[in-house]
Amino acid sequence: MIDADRLITAAGGRDRDEQMDRAIRPLSLADYIGQPTVREQMELFIQAARGRNEALDHTLIFGPPGLGKTTLANIIAQEMGVSIKSTSGPVLERPGDLAAILTNLEPNDVLFIDEIHRLSPIVEEVLYPAMEDFQLDIMIGEGPAARSIKLDLPPFTLVGATTRAGMLTNPLRDRFGIVQRLEFYNIADLSTIVSRSAGILGLVIEPQGAFEIARRARGTPRIANRLLRRVRDFAEVRGNGQITRQTADKALNLLDVDEHGFDHQDRRLLLTMIEKFDGGPVGVDSLAAAISEERHTIEDVLEPYLIQQGYIMRTPRGRVVTRHAYLHFGLNIPSRMGEMPVVDDVVDDPADL
């Protein structure tokens, strides 16, 4: 199983880290760094909804973990000047669980459902009329005496977040008027995020120190902030408390996070594909068995960044490593791979951005 304390996983961390994440989380679109298209569109939609004094259209936010889906949901509520009620798909086990939340919403409030793809079908059925007509259908009684009653709900905005938009049913997906995909962040934006977080936490950090952390953060703000906290520990214990590029480099090397942002889990996945499956193609179930991981861990946690950086390809026959992976480990590239082009995404200096 994947390590619970894996530094570069984008999953939620320990309670203390989560508290610090909340402290450095932006509260407005003006403070929201990166995702320029999403930010510009949401500014427009929110301004229009506020001008009409209406609830914002239901909004679906999807993308890999750690890119700020929850942050954006809270910003939407803040910008709309309304309250937000937060829950998650697995928590809503029965229609009554959802009904209890919906009936306590005020006009134009935001209901945020994380992992919305994990809603049970019976709960999802209750959600349809609530989203479309702002009505709640409730069954009273049991057996032949059971009857349905309709309750009117105040207008509200459902914000759904998911890492697996393809698992949403078509009827649910079609009821979202706004759909936003969050992309991996570039190093420049991540450097800005690291510098901002350091300022909020009262840390002294040089621009190149922020850059060094950012380039190893796998394009993910949550990972960047987590690495910042661990580099801070290193700087306080083995340095003078100031985060320089040299300090960040030493700290991250000690933590086994290389210049590509890979840790031992990523390297194990790539080496398993190369050594046990001759580079692929290999099915995800076979790969999961070989490295003793669950299928969804590979698909949701390990693969997205490796694919985005060009180390793995998905093909109809299975996963295949690219020339990038062989070069990363200093291995000879099999002649059968041909002359595929190599694109080096590692930036060695901030001036190259």
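Each Cβ is built from the backbone N, Cα and C atoms, and glycine gets one as well.
The feature region 'Large ATPase domain (RuvB-L)' is assigned by Swiss-Prot to 4-185, with sequence analysis given as support. Within the model, the region 'Large ATPase domain (RuvB-L)' (4-185) carries an average pLDDT of 87.
In the three-state DSSP scheme, G66 (ATP binding site) falls into the coil class. The ATP binding site feature in Swiss-Prot is assigned to I24, R25, G66, K69, T70, T71, E132, D133, F134, R175, Y185, R222; the stated evidence is sequence analysis.
Residues or ranges marked as Mg(2+) binding site in Swiss-Prot: T70.
Swiss-Prot lists 186-256 with the feature region 'Small ATPAse domain (RuvB-S)', giving sequence analysis as the kind of evidence.
The feature region 'Head domain (RuvB-H)' is assigned by Swiss-Prot to 259-353.
In the three-state DSSP scheme, R314 (DNA binding site) falls into the strand class. If you draw a 10 Å sphere around the CB of R314 (DNA binding site), it holds 14 other CB atoms from the protein chains shown. Summarising the annotation, Swiss-Prot assigns DNA binding site to R295, R314, R319 and lists sequence analysis as the type of evidence.
Among the binding-site residues listed (I24, G66, T70, E132), G66 has its Cα nearest to the Cα of R319 (DNA binding site). Mapped onto three states, the DSSP output places F134 (ATP binding site) in coil. Around T70 (ATP binding site), taking its Cβ as the centre, 20 other Cβ atoms fall within 10 Å, counting all chains.
Taking every pair among R295, R314, R319, the residues recorded as binding DNA, the greatest CA to CA distance is 14 Å. Listed in sequence order, the residues G283, V284, L287, I298, E299, E303, I312, G318 complete the 8 Å Cβ shell around the DNA site centroid, once R295, R314, R319 themselves are left out.
Around the Cβ of G66 (ATP binding site), the number of neighbouring Cβ atoms within 10 Å comes to 27.
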